[in-house]
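Annotation source Swiss-Prot lists topological domain 'Cytoplasmic' at 1-66, citing sequence analysis. Sequence annotations record features per position, and here Swiss-Prot assigns region 'Disordered' to 1-59. The compositional bias 'Basic and acidic residues' annotation in Swiss-Prot covers 47-59. Among the features that Swiss-Prot reports, transmembrane segment is placed at 67-87, with the record citing sequence analysis. According to Swiss-Prot, the topological domain 'Extracellular' annotation covers 88-294. Residues annotated as active site in Swiss-Prot: S96, K174.
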Amino acid sequence: MTETTDSPSERQPGPAEPELSSRDPDIAGQVFDAAPFDAAPDADSEGDSKAAKTDEPRPAKRSTLREFAVLAVIAVVLYYVMLTFVARPYLIPSESMEPTLHGCSTCVGDRIMVDKLSYRFGSPQPGDVIVFRGPPSWNVGYKSIRSHNVAVRWVQNALSFIGFVPPDENDLVKRVIAVGGQTVQCRSDTGLTVNGRPLKEPYLDPATMMADPSIYPCLGSEFGPVTVPPGRVWVMGDNRTHSADSRAHCPLLCTDDPLPGTVPVANVIGKARLIVWPPSRWGVVRSVNPQQGR
């Protein structure tokens with residue numbers, strides 16, 4: 001009897017050789033690697049996708065806020081530099097410089113812009129309208145404008161640092177009449193003189209002063225002669241009858257020590273240039289040299 005051998009194609013699967021099927025879950029999982037891409041996305045993946053899309057603009061917003069903060073800091077620093085070294089606004093609180101500058105305790109005073117650069121390269125000249133820190137002898141009776149409350153005072157100092165609140169010092173505004181080395185004097189027969197020459201002062205207004213210089217040449221008490229020490233200036237208000245200026249601070253009608261009545265040039269903050277407020281008063285603060293003579 002001849003044995004016959006079945007060909008591989010005719011061999012039937014036996015118990016030891018299970019038939020391979022693509023439907024077998026194990027085989028299918030190994031062969032079709034792309035199945036997850038074809039499957040429908042579940043709720044979690046959709047939520048993650050939406051969250052990612054929602055979060056995309058946030059870095060841009062943070063960047064914008066950061067840029068804004070940097071620009072704000074730069075602006076404050078530049079403004080502080082300007083106030084400290086270039087120019088600063090000041091409020092006129094009294095009538096001592098009328099009619100050139102308006103001011104009173106119950107009205108809207110002029111706000112002026114003070115140039116701080118001019119006197120870094122030069123010195124005050126006769127006729128200049130200057131803002132200066134009062135010398136110690138001029139500060140008698142001065143009261144601090146700061147609050148006694150620590151928190152409020154801190155806020156005031158911070159605002160003063162950037163120029164929104166006046167500094168806590170006795171800042172005054174007057175016109176320069178004489179400078180170091182010059183001799184100023186006032187007599188009823190000669191009026192106000194510097195180095196013996198009468199002054200020409202078109203900025204004086206008799207109606208404002210309620211006095212006529214032709215009748216009352218000194219517009220107050222006689223004084224002098226006073227020789228202004230080097231490095232100092234003699235100042236007076238344009239409203240002579242309502243101004244506590246150099247005349248009010250020198251002893252014995254200014255015939256003794258000249259220092260108390262004069263102002264150190266080092267105390268000069270700057271030169272008044274412009275009236276910036278209110279709009280109806282916009283204009284230039286002019287320097288008029290009174291020593292041109294009549």
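All positions are counted from 1 along the displayed chain.
Placement of Cβ uses the backbone N, Cα and C atoms for every residue, glycine included.
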Within the predicted model, mean pLDDT of the topological domain 'Extracellular' (88-294): 91
Other CB atoms, at most 10 A from the CB of S96 (active site): 21
Same-chain residues at least 6 apart in sequence whose Cβ lies under 8 Å from K174 (active site): S96, M97, V129, I130, F132, V235, M236, G237, S243, D245, S246
